[in-house]
């Protein structure tokens, strides 16, 4: 029987965790460094990158070494994992409003989105504290479950797992699929009238297909892992396998989100400008922004990919 301790699993996943952190840190630095990227749509990616950086930070903590590190990991991951899911739903809503509803005023609701994707996970963090439920949780530190019958385990931890993560996660997945389906249908009608095959190949339509399935792929393993823990049907010596897969895909989602959402044409253009400026040893002024567009366009209300 193969058995891997939590410490070994930690070292196996650490390289991917570091890679995900680096890619999201690049998104963070790009937003800070390039003024032209400080628009509404890229700020959503910037907020998502912050949540993913916190997730990477949480998984990089050696939680088995002390109770304080375990508590820190549980609190960080309980906030960041839900926050990243909620930010993907905000990006989905922005794309839906821009394409289907033809609304370009998403920036007006940015404060509400901040309260939604940062405020709700922060508030939910206090609920497990009411029952002292943060601790070891089948693979890493999160919301622990008390032993006993179904009712005792439900009140002693499972209810917080549903409220703090699993419930909002799957609600977001279903809503995202519905909004992306309507968005893709609208885009398909638009490109059906296009005769240029090259334009069809490079359209937003092909890239949007990835978004909902990426969310589903990366969060299905952790859902299965937590349901197995909910039902208590996996022997303790076999928990390492679903734990390894679940944490691997959670970390992978941070890397994929940064690549798919963050590497937009706008970002690539700014990087190309920087490389050309450096190669020509010129002093390109990145702080100059022409304010000739309308308020909506200047704030980047139309999501660009």
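Note that Cβ sites are derived from N, Cα and C of the backbone, with glycine treated the same way.
Now, the feature entries from TrEMBL:
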type	residues	note
DOMAIN	6-265	domain 'G-protein coupled receptors family 2 profile 2'
TRANSMEM	12-33	transmembrane segment
TRANSMEM	45-64	transmembrane segment
TRANSMEM	76-99	transmembrane segment
TRANSMEM	111-130	transmembrane segment
TRANSMEM	162-181	transmembrane segment
TRANSMEM	210-228	transmembrane segment
TRANSMEM	240-263	transmembrane segment
Long-range neighbours of the transmembrane segment (12-33), counting only residues six or more past its ends (CB under 8 A): 4, 42-43, 45-46, 49-50, 52-53, 56-57, 59-60, 244, 247-248, 251-252, 254-255, 257-259, 262, 267, 270-271, 286
Criterion met for the transmembrane segment (162-181) and the transmembrane segment (76-99) (at least three Cβ pairs under 8 Å): yes
For the transmembrane segment (76-99), sequence-distant contacts whose Cβ falls under 8 Å of one of its Cβ atoms, 6 or more beyond its ends: 41, 44-45, 47-48, 51-52, 54-55, 57-59, 61, 106, 113, 116-118, 120-122, 124-125, 128, 134, 140-143, 164-165, 168-169, 172, 175-176, 179-180, 182-183, 186-187, 204, 208, 211-212, 215, 219, 250, 253-254, 257, 261, 301-303
For the domain 'G-protein coupled receptors family 2 profile 2' (6-265), mean pLDDT (0 to 100): 85
